[in-house]
Every structure is written in structure tokens, then in C-alpha cells.
Amino acid sequence: MATFGYLCPLILLCILVSSHAQLQQNFYAKSCPKAEKIILEYVHKHIPNAPSLAAALIRMHFHDCFVRGCDASVLLNFTSSTGNQTEKFGIPNLTLRGFSFIDNVKKIIEDECPGVVSCADIVALVARDSVVVTGGPSWSVPTGRRDGRISNASETLTDIPAPTSNFSTLQNDFAKKGLDLKDLVLLSGAHTIGISHCSSFSTRLYNFTGTFGTQDPSLDSEYAANLKANKCKSINDNTTIVEMDPGSFRTFDLSYYKLLLKRRGLFQSDAALTTSTTTKTYINQLVAGSLKEFYAEFAQSMEKMGRIEVKTGSDGEIRKHCAVVNG
């Protein structure tokens, strides 16, 4: 025991280091050398026909990593312990898209190398490649993640940051996953290509204080009036889709941050980024800087997010079908 203490005085640090060490570039170089090329080719073939899927797939990666780590638990339809109450059926995930896209990629990979490439790695690689193909930034995706066997709908409500979150809630949600305030600002930048249903923010327009007719004063009044007149015409609208970065939502750029400074962030969680001196300073720095600088910093935060609580080595499994655990 003393020897272990000497070798590793900080057990948690050792666990983090060992899990990070086991993710590596080209993890499948020997076991499935064509894997990353096959995934990229599939993305190149299909995403240009459905570019909005890029935002959906990066969102899926985010929602996967925030619950039980990046282990593809968000893809499971069923586990014996939870019945049908898996993450996929949690309220924050009911609007997720892209499951069939991942299933199709998995099928092609399984034909090439059965039982080798994890669904968790496929989600991480597809998210990156989809953003790149639509003209956005690239980032490093070390591989070697393994797939989880547990998925609970209830954990989505406690672990996935909500669009109604205030600053302190966001700070805590990110800190629990080892992400700091800079990561919060940078990862929120993916909203530049995002779309949302009215139900995620209609309270800001119609019922902010709990009294019908009250509006969020932190939302630009002209923008709010436009949303009410042309998009979310009632508080009960659950189907209309709104661009999170109007006029620029197909372009991965800095305009999302410029809108935040004009009080035109769609979610309360977007507006919350301007309520802290630290995060507002980051936003101002990004807006004053170049797109290249934003891309480089975004890339670092994405790689960091992709390492959250990963399962490696003999932990977890390599699922044969992404929607069901093996056996």
C-alpha cells in the first residue's frame, strides 16, 4: 500500500492520466486501419446533402459525453436494468437527431472489422468530420473509447446543461465534467450552426416570471418582438424551428458571440454567458480576434470534452449494434 502511495500520491490524478494515456491517435491503425477513412468518406458523401445534421451530430456527442462520459450510452434503446428509460428518452434528448446516421456508419465499419471499433469513437469522429465537411473547424480525436452498458433517462436531467440554466448552474455543470469557464464559452460557440425548437426558450418570450405576458428583460426587445411575430407565435408552439445564429447558421463563425453582446442569444444559457465578467471577457476577446484563433481554441475544448470519463482498456465493451448492449 505504501508503495502504491509513493508511486501515485494522487489516486484521482493517476486514474485521469491512465484513461487519457489509453486514448491515442489512430488507435485502430493495426486492428482496423481503414476505419477513420471509411467514416470520413461516409460523412463526405452524405452530410453535404443534409448539412443541418452537422449541428445535430455535434450536439449528440456533447449530450453523450455529459452523461456517464463519452461512452455512446446516449445511443441505447434498451438495457435490461432500465427497460426503455434510457438516455435517448430523457427530456433533453427527445429532439436529438442522427441516430440512423450513426447506425449506418457502424454497419459499414462492422462489415470491415467486426467487433473492433466502438460506437463511442464513431460518435466522436462523425461529429468532428461533419463539422469539417460543412466548412467548420477541425480538432484532434484520439480514439480507444469503449461503449458503456448503462443508460438512464433520469441522468440526462441532472447532467446535461439546460437551455434555461443561469451562469452558476452552467459553471457547476461544466466543472463536474472537468471543464472550465473558457470551455463553457468555446463549446457554446457550436450554437453558431445550431437550431432550436420554440419550446426551449418560449418562456423567455411569454412567461418569464411565471406570470403570462412577462418577457425576459435580458433579451433584446426588438429581437423578442420579431420572434413572437414571425416564429414562436404562442407559448405552446413545440414544432417551429428557429436558427440560433440567424442569417449565419450554416457558417461556423464568430457571429454567435456578436449576437450575445447585442443581447440576442436565444437561450437563457446563452444570455448567461454575458452575466459573468470572466466569460464576457472571453467573448469580447473572441470577437476581437480572428476566426483562426477561435477555431484553434474551440478545437482544444472539443478534444478536452471528448475525453470526459472515457472507458478504456477492458472497461465497457465494443457494441455490435449501437442501440443495444451485447449479449
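Positions of Cβ are set from backbone N, Cα and C atoms, glycine also.
Pulled from TrEMBL:
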| type | residues | note |
| --- | --- | --- |
| SIGNAL | 1-21 | signal peptide |
| DISULFID | Cys32-Cys113 | disulfide bond |
| SITE | Arg59 | site 'Transition state stabilizer' |
| DISULFID | Cys65-Cys70 | disulfide bond |
| DISULFID | Cys119-Cys322 | disulfide bond |
| BINDING | Pro161 | substrate binding site |
| BINDING | His191 | heme b binding site |
| BINDING | Thr192, Asp245, Asp253 | Ca(2+) 2 binding site |
| DISULFID | Cys198-Cys232 | disulfide bond |
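In this structure, the disulfide-bonded residues under consideration are Cys119, Cys322, and the one with the smallest number of other Cβ atoms within 10 Å of its Cβ is Cys322.
Other Cβ atoms within 10 Å of the Cβ of Thr192 (Ca(2+) 2 binding site), summed over all protein chains shown, number 24. Distance noted between the C-alpha atoms of Thr192 (Ca(2+) 2 binding site) and Arg59 (site 'Transition state stabilizer') is 12 Å.
If you compare Cα positions, Cys232 (disulfide bond) sits closest to Asp245 out of the binding-site residues Pro161, His191, Asp245, Asp253. Between the disulfide-bonded residues Cys32, Cys65, Cys198, Cys65 has the most other Cβ atoms inside 10 Å of its own Cβ, all protein chains included. Other residues of the same chain near the Ca(2+) 2 site, with their Cβ within 8 Å of the Cβ centroid of Thr192, Asp245, Asp253, are Gly189, His191, Ile193, Ser248, Phe249, Thr251, Phe252, Leu254, Ser255, Tyr256. Here Asp253 (Ca(2+) 2 binding site) comes close to Thr192, Asp245, Leu291: these same-chain residues lie at least six apart in sequence, with C-beta atoms under 8 angstroms from its C-beta. A distance of 9 Å separates the Cα atom of the residue listed as 'heme b binding site' from that of Arg59 (site 'Transition state stabilizer'). Each of the disulfide-bonded residues Cys70, Cys113, Cys232 was assessed for Cβ neighbours inside 10 Å, and the highest tally belongs to Cys70. Cβ-based neighbour count (10 Å, all protein chains) for His191 (heme b binding site) stands at 25. Across the structure, Cys32 (disulfide bond) and Cys119 (disulfide bond) are spaced 14 Å apart at their Cα atoms.
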